[in-house]
Amino acid sequence: MISKKLIIELLKQLISFKSVTPNDNGAIDFITNLLVKQGFKVYVKEFGQEYKVKNLYGYFGNGQPNICFAGHIDVVPAGFIEQWKYPPFCATQYKDKIYGRGVVDMKGAISAMLSSVFCFIDNNHDFNGTISFLITADEEGEALFGTKKMLEWIYRQGHKIDFTILGEPTCTDKIGDTIKIGRRGSINFDLKVFGKQGHVAYPHLAINPNHLIVKILNRLIAYKIDEGNEFFAPSNLEIVSIDTNNNITNIIPEIAKSKFNIRFNDIHTNERLLEIVKKTIEQFTTNYDLQSSCRSRPFLAKMSPYIFSFKELVHKVTKIKPEFSTSGGTSDAYFFKDYSPIVEFGLLNTMAHKINEYCLINDLQTLCRVYYNALCLFLMSNSKFRTN
């Protein structure tokens with residue numbers, strides 16, 4: 001049986017590290033020590049320029065398949081501390097819940113991974129293959145010196161990962177209802193439309209950039225980018241800001257600005273979307289400046305037997321039939337697409353990044369059972385599912 005006490009104790013210890021991205025604040029060393037005591041070979045690598053980000057890769061066992069548990073130990077800031085019921089970096093257990101920043105995203109999943117792996121190793125000395133961990137402290141921010149760099153390093157050393165389970169909070173209503181097998185891309189736009197400043201009483205002597213930018217944005221909103229496909233919802237544009245920096249009521253400003261984002265599926269490339277946006281703008285004006293940045297592109301995991309077997313496993317353990325999904329924000333799963341098949345499966349995502357972030361203890365235990373049985377399925381020749 002996977003120890004409930006161990007799961008909770010590990011989570012409380014992980015929450016105690018104020019690991020606001022990209023500072024792990026000692027959490028990577030803590031996990032390293034746990035893995036080394038269990039017999040893992042662990043490498044801690046630092047990447048970055050002005051600020052060094054810690055990452056770890058540890059493995060136990062030999063040969064293939066290599067089943068990798070991946071995740072991030074960094075968290076978003078706690079926000080207004082006075083709004084929390086309990087101190088955000090001092091995990092509090094109250095009734096059937098555990099509160100703390102990062103409980104859901106994603107220290108809860110990491111504690112479940114560690115607990116289930118340690119239990120599996122203690123109870124199965126003759127398994128075939130390798131168990132590994134890839135943990136970063138750079139996911140919630142720029143994600144420049146975390147998983148991406150670590151995967152490059154791992155493969156330069158000759159290691160091969162056969163299947164990855166990333167513990168992002170994926171489930172919606174109950175543990176088991178959603179498995180992420182891909183993610184949408186995200187492209188940000190920063191638009192400036194130039195007009196001609198003037199007095200509001202003499203509009204014929206000015207060019208109002210507000211009128212132009214409103215027309216442009218309305219046209220972009222009305223534009224149907226695509227219909228979606230089997231695994232992806234339709235691409236979606238959202239306006240996030242409109243501004244002129246003008247507080248004077250009798251002046252027509254010279255510049256109007258807007259920022260907007262498109263979450264897009266694998267029907268499009270970011271270059272194609274940039275072309276669409278430019279053509280739309282130029283229906284109304286050529287006097288503009290447009291900057292764009294694409295942090296992540298859409299991807300769909302390699303649909304290997306590992307992924308379909310994992311889906312069946314989740315159904316057997318949780319008694320819930322999971323759906324494959326590509327919804328939600330971006331994650332480090334994108335970086336694995338060229339290295340191994342990957343699924344994202346973790347806790348409920350409803351409390352991620354929120355004040356009073358919490359998870360149910362029963363959900364942690366269910367997640368442990370899924371992770372444990374995944375190891376049984378992929379590493380034991382005569383695997384049997386555990387329900388406790």
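All positions are counted from 1 along the displayed chain.
Glycine residues also receive a Cβ, built from the backbone N, Cα and C atoms like all the rest.
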Annotated companion of HIS72, GLU168 at the Zn(2+) 1 site, Swiss-Prot, chosen from ASP96, ASP105, ASP190: ASP105
Residue in HIS315, HIS353 which Swiss-Prot records at the Zn(2+) 2 site where ASP105, GLU140 also bind: HIS353
Pairwise Cα distance for GLU139 (active site, proton acceptor)/ASP105 (Zn(2+) 1 binding site) [Å, integer]: 11
Recorded positions near GLU140 (Zn(2+) 2 binding site) (Cα-Cα within 10 Å), from HIS72, ASP74, GLU168: HIS72, ASP74
Recorded positions near HIS353 (Zn(2+) 2 binding site), in sequence order, restricted to ASP74, ASP105, GLU168 and a 10 Å Cα cut-off: ASP105
Nearest-integer angstrom distance between the alpha carbons (Cα) of ASP74 (active site) and GLU168 (Zn(2+) 1 binding site): 12
Check: same-chain CB within 8 A of Zn(2+) 2 site center, minus ASP105, GLU140, HIS353: VAL75, VAL76, GLY102, VAL104, MET106, ALA352
